[in-house]
Structure formats: structure tokens, C-alpha cells
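Working notes for the structure below.
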Ligand SMILES: Nc1nc2c(c(=O)[nH]1)N[C@@H](CN(C=O)c1ccc(C(=O)N[C@@H](CCC(=O)O)C(=O)O)cc1)CN2
Ligand SMILES: [Mg+2]
């Protein structure tokens, strides 16, 4: 049976270190400021934003949530972002995704000042990640959280065959870049990939972010693989499950993340830690 990688416990450990860093900033009179912008009222997004706010408040981060109507124009949304770009009490800006169809995601992420990019989705920061110039660069929180899981469980990535299933900007693409930077040999699979199971069966490291409940079965996984499940799906009974059939795959893998309490908690912990990092980098720069 696989070792279950406990993202919730690891998140709590990382939060302790982040609390010390927040106190150190407080001693210099700095309170990290995070703005989370939610456009429209997608129920899942509302829950994620509420969770982010709750965690930020608990850790004494100045957290502002802007709820904007889904009728807002792209130009008006960008104007609001620009006011926070210029506000020195705000160190981190996040626009919750997905956005309504009339708003272009690229234009919006591109409007966030790269040095206030809580999510690491700005093209400049994605470019730095791909170039492996990652010092003082914000990185997408879910993949970065997964790297913290690998690190905590001493998973050696060097020379390993990694398969990332999913090519989103939020997870798949930055995950692939991080794995390449860690010297893994990386394949990115997606909805057009032929013979997916043949690929996943060769993976020493398998990261799955497809959004289909229990999609990856025991037969799709190599013995002793390390399996990371980014999915958050509902099964036929409405229960939260991942993209990996946990009960089957835990029998074959060496390590596996559960859903919930695996990758999900690490995303918010990484967001908080990155918000603090943006405040630290800003204070270093401004003396
Ligand atoms: N601007 C962004 N938008 C979105 C991101 C993102 O990183 N930045 N990621 C996802 C949603 N997301 C954060 O925004 C997120 C999703 C889930 C969790 C989480 O803690 N999940 C729990 C289960 C929660 C539940 O019971 O429903 C878990 O897995 O244990 C955190 C963050 C899309 N949008
Ligand atoms: Mg859109």
C-alpha cells in the first residue's frame, strides 16, 4: 500500500514558518496586503475565495476581497487592478479564475504588476519559470505546492520519468516547467493525447489534473509510481473525489495524495507564503 502524502499536515507545518515571517515583517511595521478579485458568482470560486480570505485573516495578512459583477467590462476590471498596482499597502493581487467568457484571461493577468502577481500567472513570471530564473519569482501556487510535497517526502525527481496529465496555465504547464527544472524527463498529456494509458503506465511521477472523477485506474499506473491527484470532482453520490481512483491506485503506487487533504490545502498555503514573499521582496527593494 502506498504512503499517503498528507497535504493538510504539511500545509499546517509551512503555515508555522510563514507565521514567523509575518511577525518579522510586523516588527518592521509591514503588514502583507493581498487583494482577491472575484468576478461574478460562480459557487465553487466563491468557496475558494472565502477560504483564501479566512486563511489570510487567520494569519494576520491584510486581505481585501473585491466582489465584482459578471457584467463588468474587461477595461473596468483592468482599471481596478491598476489602482492596486499603484497602492503601496498591497503586495499581492489575485484574480480568481475562471473569468466570465467576455473577459480575456491573458489581458487581465498581464495587467497585474509582475512584482504583485500572487498567482505567478503573469507572462513575465511564467517566462522566468520556463527559463529557470526562479529566484524572487512568484510561481503558480498549485504546482509550487506539489513541489513542496515532493520535497517534504524526499521524492527524488532527478532523471525520473514524469507525466503531467493536463495542460492548463494554472497547473499543467507550470508543473511541467518545475519538473523539467528539477531534472525530470517530462511528458505533458492532454485531451488530444493518443494512448494515454500507455504513457501514464511509464511514469515514475504521475501528476493528474484532468477534472474527470476517478479517471486514472490501477491499470494506468506503474508499480511504485508517485501519484499526485490535482482533481476535485464529485462522484455519483456528490462526494468530493479526485481524478485518480484512490482505492485502486493506492494498492499499486508507492506514494499518493488523497482528495481532499492532499494538493488542495497546499495551494492556499503556498498562496499565503507567496504573498508574504512578495511583501518581503518589496521591502528589500525599497530598503
Ligand atoms: N487565480 C486562481 N484561480 C484558481 C486557482 C488558482 O490557483 N488561482 N486554482 C483553482 C481553485 N483553487 C484556488 O483558487 C483551489 C481549489 C481547491 C482548494 C482546496 O483546498 N481544496 C480542498 C477541498 C475543498 C472542498 O472541500 O471543496 C482539498 O483538496 O482538500 C484550494 C484552492 C481554480 N482557480
Ligand atoms: Mg474568458
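Glycine is treated like the rest: Cβ placed from N, Cα and C.
Going by TrEMBL, these are the annotated features:
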DOMAIN    5-119  domain 'Tetrahydrofolate dehydrogenase/cyclohydrolase catalytic'
DOMAIN    140-280  domain 'Tetrahydrofolate dehydrogenase/cyclohydrolase NAD(P)-binding'
BINDING   166, 167, 168  NADP(+) binding site
I'd like to know the mean pLDDT over the domain 'Tetrahydrofolate dehydrogenase/cyclohydrolase catalytic' (5-119). 98
In the domain 'Tetrahydrofolate dehydrogenase/cyclohydrolase NAD(P)-binding' (140-280), how many residues does DSSP call helix, how many strand, and how many coil? 52 helix, 26 strand, 63 coil
Chain-internal residues near residue 168 (NADP(+) binding site), provided their CB is under 8 angstroms and they sit 6+ positions away: 209
Could you tell me which of these binding-site residues, 166, 167, has the greatest number of Cβ atoms within 10 Å of its own Cβ? 166
With a radius of 8 angstroms around the mean position of the C-beta atoms of 166, 167, 168, what other residues of the same chain does the NADP(+) site pick up? 164, 165, 169, 170, 171, 172, 173, 188, 190, 209, 210
